[in-house]
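Peer 1: Below is one structure. I have some questions about it.
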Amino acid sequence: MINGADTAFILAAAGLVLLMTPGLALFYAGMVRSKNVLGTIMQSLVLISLVSLEWVYLGYSMSFGPDVGGVIGDLSWVGLKGVGTAPSAVYATTIPHSVFMIYQCMFAVITPALIAGAFAERVRFPAFVAFSLLWAVLVYNPVCHWIWGSGGWLAKLGVLDFAGGLVVHATCGAAALASVLVIGPRRGYGQTNFMPHNLPMTMLGTGLLWFGWFGFNGGSALAANELAATAFVATHLAGMSGMAMWTVMEWIKLGKPTTLGAASGAIAGLATITPAAGFVGPNAAIVIGLIAGVVCYGAVNMKSRFKFDDSLDVVGIHGVGGVSGTLLLGVFASKSVNPAGVDGLLAGNGAQLGTQLIGVGVVCAYAFTVSWLILKGVQAVIGLRITEEAEHQGLDYTEHSETAYN
């Protein structure tokens, strides 16, 4: 039976999650050089169209359609056949099936957009489009079904992911690592200081992402209820504590805090709480955010040691954050917070941490391997990188015949 309040809440949440994609575009665009602003924004915005189309005609059915062996959904819902205003018998039974579908669509849109930060300033637009479409079909959809789809094998195993620590952040982090290894660094990496060109733009993007994250995590309760409130509160507390800890870490190391560090810390906290938001209380959420500030800060600062050019820190923030949050769920989860959930290590159920570790290993290995193969395939067929001259001129002019600033 449809509940009007639940329906209105998830419709609003879907809008908030959609807002995260242009928010991400601004977040990333402020961190690149001025000659690559529009190219960076375009990589996020084009996915609103591309992935939404894929979702309607293939992705939703693969991700949430009737189960085939725990691995994938069948093609019963291709073209949204049978997905109407009546509730689904399986998913979110108090809202129209179409509302659940469009809410999940927004997750599918932003996930490949996150990957783009790793190879910013050096990939051809046609190659980006081809990679993103193939990645959505071959990585996002299967992993989504394994964890969130009815009958998914990781869900049956007991792996939990409230709002996308594995499905979104771990997959994009693994793909980002693969892309950095296949594509290679920007020309001049290690000799040239690639300074952000517009940090106010990045801070504006941070605000939009934080705002949208309330729909991302709160909406994952799929109803306007106590669980949504729990996730909403946990989201904010982890974001603010991640920001605080990153700022402190930076202050200790550099002697001064930076706005980019504050933004990075907030996103790290938000990414890390994502899998656990509906399973932990406020104090645990703060601790998770603090841990995110330490772990993700350390991961970002390790990239220079390993000499890989993860341009906008996708691996260090989203990959490490998503994995850390998934494991911390196994530590801090409590049935006193969510009776439909599980107890974690601190509540006497250490086995859940082991289950979460299996989920992390499987998802990261699969996402990395398939992403690497897709990248190699695109590289062989149409080429991934722009030319040296194009990289010197910038994506805006060479890929789009535009400039952001006159």
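Backbone N, Cα and C define each Cβ position, glycine as well.
Here's the feature list from TrEMBL:
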- 6-30: transmembrane segment (TRANSMEM)
- 8-405: domain 'Ammonium transporter AmtB-like' (DOMAIN)
- 37-58: transmembrane segment (TRANSMEM)
- 100-120: transmembrane segment (TRANSMEM)
- 127-148: transmembrane segment (TRANSMEM)
- 160-183: transmembrane segment (TRANSMEM)
- 195-216: transmembrane segment (TRANSMEM)
- 228-248: transmembrane segment (TRANSMEM)
- 260-278: transmembrane segment (TRANSMEM)
- 284-300: transmembrane segment (TRANSMEM)
- 312-333: transmembrane segment (TRANSMEM)
- 353-375: transmembrane segment (TRANSMEM)
Peer 1: Within this structure, do the transmembrane segment (160-183) and the transmembrane segment (100-120) have 3 or more Cβ pairs under 8 angstroms, counting pairs 6 or more apart in sequence?
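Peer 2: Contact criterion met.
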Peer 1: I'm a bit unsure how to read this: which one of 160-183, 195-216, 228-248, 312-333, 353-375 has the highest number of Cβ pairs shorter than 8 Å with the transmembrane segment (127-148)?
Peer 2: 353-375
Peer 1: Which residues of the chain, 6 or more past the ends of the transmembrane segment (160-183), have a CB below 8 A from one of its CBs?
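Peer 2: For the transmembrane segment (160-183), the sequence-distant neighbours (Cβ-Cβ under 8 Å, at least 6 residues beyond its ends) are 107, 110-112, 114-115, 117-119, 122-123, 135, 139-140, 143-144, 147-148, 216-217, 220, 231, 271-272, 274-279, 308-310, 314-315, 318-323, 325-326, 329, 333, 341-342, 352, 355-356, 359-360, 363-365, 367-369, 371-372, 375-376, 379, 384-385.
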